[in-house]
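For reference, Swiss-Prot has these:
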ACT_SITE  Glu78  active site
ACT_SITE  Cys141  active site
ACT_SITE  His165  active site
Amino acid sequence: MHILVTGFAPFDNQDINPSWEAVTQLEDIIGTHTIDKLKLPTSFKKVDTMINKALASNHYDIVLSIGQAGGRSAITPERVAINIDDARIPDNDDFQPIDQAIHLDGAPAYFSNLPVKAMTQSIINQGLPGALSNSAGTFVCNHVLYHLGYLQDKHYPLLRFGFIHVPYIPEQIDGKSDTPSMTLENIVTGLTAAIEAISDDDDLRIALGTTE
């Protein structure tokens, strides 16, 4: 399959974003998949245009976006995105939407149509912390996952799409001993395992839910 894997530019006054750093280190061929890579701006207003152009100019079977989730200790495939932008901080264009719908004609939520449980289990099988997430937040990461679901719903019915959040890397938490992190090498290993798990097979039926 032909997969577009995206990562984000740094934001919130940081100099690095592990999502893009990891994406750049992915192999161009992973299993049976051919990988293209795209760096997205951390910008509510710009990401839609970049994704639209990428899909218009290439035939991608799958778009998989990678984002930073500082404070998480595991690599977390996302199950669902919700139709709301509610930014705790401004994006890189100093734009801070509050309680705004992403697409007025969109569904309340869109679920990833990738095998998110198989992907999560594949990460865990590498001996790495992995967990299935049921919230992509309400910042640009959720926005991108929702926009991909919207595009699949309205324009690209065969498109498969998903999102994975990754932790900070150690360089980002200097002086913050209580903040979890993961080496870039392990993030790349985990993402590679998740991508290898993508197939046309049905997702695993295993208990990866949460009680809260």
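Using N, Cα and C of the backbone, Cβ positions are placed for all residues, glycine too.
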Could you state the whole-number distance in Å separating the C-alpha atoms of Glu78 (active site) and His165 (active site)? 7
Sorry to bug you, but what's the C-alpha spacing from Cys141 (active site) to His165 (active site), rounded to the closest Å? 8
When you measure from the Cβ of His165 (active site), how many other Cβ atoms are you left with inside 10 Å? 24
State the three-class DSSP label for His165 (active site), counting H, G and I as helix, E and B as strand, and everything else as coil. strand
Restricting to the chain of Cys141 (active site) and a gap of 6 or more, list residues whose Cβ falls under 8 Å of its Cβ, or answer none. Phe8, Ser65, Gly67, Gln68, Ala69, Glu78, Phe163, His165
